[in-house]
Amino acid sequence: MMLRAWRLMVLLAAYCYYVFANCSISTTTAPVEWKSPNRQIPKNITCANYSGTVGGNVTFQGLKNKTEDFLSWLLGSGYKSICSFFPQLPGDSNEQHYRYEVTNLTYNCTYDRLTLLNLTTENSRNYYFRREDANSTFYYSCYNLTVS
């Protein structure tokens, strides 16, 4: 029964995308990387769904990055930066990054993951992982968190 429902969702999403070229149906549970031609979060991006409990933790895994990529974890579609990582310089093994103060958010981040700590219901929202490669091409992955 679940397999039939999943197949129906996939077919519906494909039809919706083919006819309207923009859909908001989520059919995946794993994050997918979306290439952005205009450096903006793609309008048809599909978010991976995550759930957490109040007081718990959740970890988002970033996708496909290299040491020469510029990486950022973002809070919501307003592009509020949580932390950013800069390309490593040749011969320098130190990680170059900035960590930003975000109200009502306790977290740890590395170049490939973001862990939210001591979750509250205020943490329910979309989070984005942005990667800019050496050719200045932007890629995004989306994580939709629901805390209950």
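Just so you know, the numbers here start at 1 and follow the chain as drawn.
Keep in mind that glycine also has a Cβ here, set from the backbone N, Cα and C atoms.
Annotation comment: Swiss-Prot describes 1-21 as signal peptide. Residues annotated as N-linked glycosylation site in Swiss-Prot, with sequence analysis given as evidence: Asn22, Asn44, Asn49, Asn57, Asn65, Asn104, Asn108, Asn118, Asn135, Asn144.
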Fewest Cβ neighbours within 10 Å, where candidates are the glycosylation sites Asn44, Asn118, Asn135: Asn135
Sparsest Cβ surroundings (other CB atoms within 10 Å) among the glycosylation sites Asn49, Asn57, Asn104: Asn104
Inter-residue Cα distance where the pair is Asn108 (N-linked glycosylation site) and Asn135 (N-linked glycosylation site), in Å: 28
Least Cβ-crowded entry, counting other Cβ within 10 Å, from the glycosylation sites listed as Asn108, Asn144: Asn108
Glycosylation sites near Asn49 (N-linked glycosylation site) (Cα-Cα within 10 Å), from Asn57, Asn104, Asn108, Asn118, Asn144: Asn144
Asn108 (N-linked glycosylation site) versus glycosylation sites Asn44, Asn118, Asn144 - nearest by Cα: Asn118
Rounded Cα separation (Å) that holds between Asn144 (N-linked glycosylation site) and Asn104 (N-linked glycosylation site): 17
Rounded distance in angstrom between the Cα atoms of Asn104 (N-linked glycosylation site) and Asn44 (N-linked glycosylation site): 28
Integer Å distance between the CA atoms belonging to Asn44 (N-linked glycosylation site) and Asn57 (N-linked glycosylation site): 28
Alpha-carbon spacing, Asn44 (N-linked glycosylation site) to Asn118 (N-linked glycosylation site), which is rounded to whole Å: 31
